[in-house]
Amino acid sequence: MSTLLDRPFLKMNGLGNEILVLDLRAGGGPVTADEAMALARDRDTRFDQLMALHPGRGGADAFMRIYNADGSEVSACGNGTRCVAWALMRESGRREALLETAAGPLVCSAGDAPDQITVDMGAPRFGWADIPLAEEFADTRAIELQVGPIDAPLIHSPSVANVGNPHAIFWVDDLNVVDLRRVGPMLENHPIFPERANISLAKVTSKSALTLKVWERGAGLTLACGTAACAAAVSAARTRRTGRDVVVTLPGGPLRIVWRESDDHILMTGPATLEHEGVIRADMLPVAA
Ligand SMILES: N[C@@H](CCC[C@H](N)C(=O)O)C(=O)O
């Protein structure tokens, strides 16, 4: 019998990025790839990312494990982190939450407007081995990428960044210059990315604004990706396309991203929305072998 049976969940979204918050603090898990894929397909629990909460250690409100819809486990999810923080703040009545992840702690605080949450996403990494890339690049502000049948010339020099997970940002004048649904899988699985990568098309609209479309590793085209917004914002600032305080507008809506000079940390602010709550039923889970 699955250890997830009867565990409570919250179905949420962060700007339309579908998030399932699964509470395993009373026991259960780790979530298997088959369980994650089954829950991702169910009408009630459908998700782009599953955030599994386990008991927190060392003062943290919870330890969090993150899964993509394809069952792969990852170490960062910006929109999901805001949803988890919202849920923990609702439970505790406090205006902040501390989450522990395999990649380190995440400090979250309630914003001034209702349902707005700020997450300190930590410092970005730009070294080629940190992304990671399969070969050495001295300058990751623009790497040369040879991809087969893509006809738009600008598509071949993305900026790359790791904000807890790997991202490639292709600077374009028109977000529809290529069909991301078609080229996304090719770029996500390009041999230069040994751990695959999240792929964004980014358009700079002013010194303080970007628009973004994202093909997510392990989840496909989504309405929003918080870490992609962070990666695009720091890459835009790093290449002098923008300043360090920007609004990144995704198909699901805007996120404010500030890349703080004093400690290099990225602060992401945006909404978290509750859709419904429930408990995991047997029919949502894979049939036992
Ligand atoms: N939607 C997320 C990113 C989730 C993880 C990503 N697909 C990966 O595999 O790294 C976000 O809001 O950051």
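The backbone N, Cα and C atoms fix where each Cβ goes, glycine too.
Pulled from TrEMBL:
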| type | residues | note |
| --- | --- | --- |
| ACT_SITE | Cys77 | active site, proton donor |
| ACT_SITE | Cys77 | active site |
| ACT_SITE | Cys225 | active site, proton acceptor |
| BINDING | Asn17, Gln49, Asn68, Gly78, Asn79, Asn165, Asn198, Glu216, Arg217, Gly226, Thr227 | substrate binding site |
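For Asn68 (substrate binding site), other Cβ atoms within 10 Å of its Cβ number 24. Comparing C-alpha positions, Cys77 (active site, proton donor) sits nearest to Thr227 among the binding-site residues Asn17, Asn68, Asn198, Arg217, Thr227. Taking a C-beta cut-off of under 8 Å and a sequence gap of six or more, Asn198 (substrate binding site) has these contacts in its own chain: Asn165, Pro166, His167, Ala168, Glu188, Val214, Trp215, Glu216, Arg217, Cys225, Thr227, Ala228, Ala231. Excluding Asn17, Gln49, Asn68, Gly78, Asn79, Asn165, Asn198, Glu216, Arg217, Gly226, Thr227 themselves, the residues of that chain whose CB lies within 8 A of the CB mean position for the substrate site are, in sequence, Asp48, Val74, Ala76, Cys77, Gly80, Val214, Ala219, Thr222, Cys225, Ala228. Under a cutoff of 8 A between CB atoms, and with a sequence separation of 6+ in the same chain, the neighbours of Asn79 (substrate binding site) are Asn13, Gly14, Leu15, Asn17, Ile19, Gln49, Ala224, Cys225, Gly226, Gly270, Ala272. Local packing around the active-site residues Cys77, Cys225 was summarised as the count of other Cβ atoms within 10 Å of each Cβ; on this measure the leading residue is Cys225.
Cβ neighbour count for Thr227 (substrate binding site): 30 (other Cβ atoms within 10 Å of its Cβ, all protein chains included).
Fewest Cβ neighbours within 10 Å among the binding-site residues Asn17, Arg217: that distinction goes to Arg217. Binding of substrate is attributed in the record to Asn17, Gln49, Asn68, Gly78, Asn79, Asn165, Asn198, Glu216, Arg217, Gly226, Thr227, and the widest Cα separation among these residues amounts to 17 Å. According to DSSP, Asn17 (substrate binding site) sits within a strand segment.
For the recorded site, Asn198 (substrate binding site), the DSSP three-state label reads strand.
A helical conformation is recorded for Thr227 (substrate binding site) in the three-state DSSP classification.
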